[in-house]
Amino acid sequence: TTQKGTMKPVKKTKAEEPELEPLCCCEYIDRNGEKNHVAACLCDCQDLDEGCDRWITCKSVQPETCEKIMDTISDRLRIPWLRGAKKVNISILPPLFLLPVFLRVASWHFLLGVVVLTSLPVLALWYYYLTHRRKEQTLFFLSLGLFSLGYMYYVFLQEVVPKGRVGPTRLALLTCGLLLILFALYRAKKNPGYLRNPAHNDRALSGSQVECLNRKGPEKPKGFPSADLSGGLNNRAPKDETKDSPRTSAGSPAKGKDDWCAKCQLVRPARAWHCRICGICVRRMDHHCVWINSCVGESNHQAFILALLVFLLTSVYGITLTLDTICTDRSVFTALFYCPGVYANYSSALCFTCVWYSVIITGSMAYIFLIQLINISYNVTEREVQQALRQKTGRRLLCGLIVDTGLPGW
């Protein structure tokens, strides 16, 4: 107490929380929230031990056990880094090890080359459908594409250039093409036009409204005239005025489709769609491309087309230079199918195998490029084409290359 008899206020001090010790380059916080060390990656792995015991005793391994093992491996597979070890995505590792091995094995004999080069696309398609069915993101195809570019360029420098038929100018052109591919991929990898919800900064919806929206799913919300949903719901036209709205106008390709995304909690503009793999809405979404591990939308569609075009030109140029070096007395098209004596030398056999691998990749990219050009010429997106086929409102023309979606702009 003070002299005047009043009580002096006592300041409340908060309990000082103990500061966490900084992680060294080999330590990390695992999925259980505990501090762990890179050196202990093989210690105390109950899931892996159980799976190995069942495999040794010839017992069936449950799918749940396999998923636990993969989760454990992906959590402990890390590299030392500043302020804690960084996790390595396990899907980027198979191309780094398997691609050089497969191509070198394929160069031993002609029959081995046929088997390996036939099985590689089959394995890639199988992995694509496996991940696409589960709606999972994967860096496998991005890693495969980038490492294929690097490895083909390495083989070209090590095996083709020393033969003396490729001059500095041609090598510079090929190198510039490779750099342009990487730059275009970088541009295509950036934001495709993600739709962010500005209502996160405004007042939140009431619990009854959120529950009602989640129950209705992607349907248009009704009965919320005063809700502040990005300024969209309170300005919505009534039913008798929807014919004049931009979403349902006669020229809109998405006529009659709901424009409310219950997952992102926002009103989508015309031709926007929710990507179930990325988990977010994209403006004028074309498709989710596994080669860039991102969506192709309004903001990166031009960069995606440019990347395809530059890749096709650079790949064809590199194939031409390689075949002109290892099969000097034949034209490029003839040497691709008939090049006698190419397997007599391991260097020329490896170059020939890489040429055919590049031809397979180039053919698949050329097909994607052709489909993109056709869709652009008819002002439709790949998602709209696939949706028309699923709903049986479209029909295939010209051996399936062209799809009449039945939209007004077609």
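Just so you know, glycine gets a Cβ as well, placed from its N, Cα and C.
TrEMBL labels come from automatic prediction, so no person has curated them.
Per TrEMBL, compositional bias 'Basic and acidic residues' is recorded for 237-246.
The annotation domain 'Palmitoyltransferase DHHC' is assigned in TrEMBL to 256-386.
Summarising the annotation, TrEMBL assigns region 'Disordered' to 216-258.
Sequence-distant contacts of the transmembrane segment (88-105) (same chain, six or more residues past either end, CB-CB distance under 8 Å): 70, 73-74, 77-79, 112, 116, 120, 138-140, 142-144, 147-148, 151, 350, 353-354, 357. Taken from TrEMBL, the feature transmembrane segment applies to 88-105 (among others).
Marked as transmembrane segment by TrEMBL: 111-130 (among others).
Among the features that TrEMBL reports, transmembrane segment is placed at 139-157 (among others). For the transmembrane segment (139-157), same-chain residues at least 6 beyond its ends with a Cβ under 8 Å from one of its own Cβ atoms are 89, 91-96, 99-100, 103, 124, 127-128, 131, 174-175, 178, 181-182, 185, 290-293, 318, 321-322, 350-351, 354, 357-358, 361.
The transmembrane segment feature in TrEMBL is assigned to 169-186 (among others). Remote same-chain residues near the transmembrane segment (169-186) are listed as 145-146, 149, 153, 156, 161, 292, 303, 306-307, 310-311, 313-314, 317-318, 321 (criterion: CB distance under 8 Å, separation of at least six residues from the stretch ends).
Among the features that TrEMBL reports, transmembrane segment is placed at 303-323 (among others).
Sequence annotations record features per position, and here TrEMBL assigns transmembrane segment to 343-370 (among others). Cβ atoms under 8 Å from those of the transmembrane segment (343-370) belong to residues 103-104, 106-110, 113, 117, 120-121, 148, 151-152, 155, 159-160, 305, 308-309, 311-312, 315-316, 318-319, 322-323, 325-326, 336, 401 of the same chain, restricted to positions at least 6 beyond its ends.
Cβ atoms under 8 Å from those of the transmembrane segment (111-130) belong to residues 102-103, 105, 138, 140-141, 144, 290, 352-353, 356-357, 360, 364 of the same chain, restricted to positions at least 6 beyond its ends.
For the domain 'Palmitoyltransferase DHHC' (256-386), the DSSP-based tally of helix, strand and coil residues reads 69 helix, 16 strand, 46 coil.
A mean pLDDT of 89 is what the model gives for the domain 'Palmitoyltransferase DHHC' (256-386).
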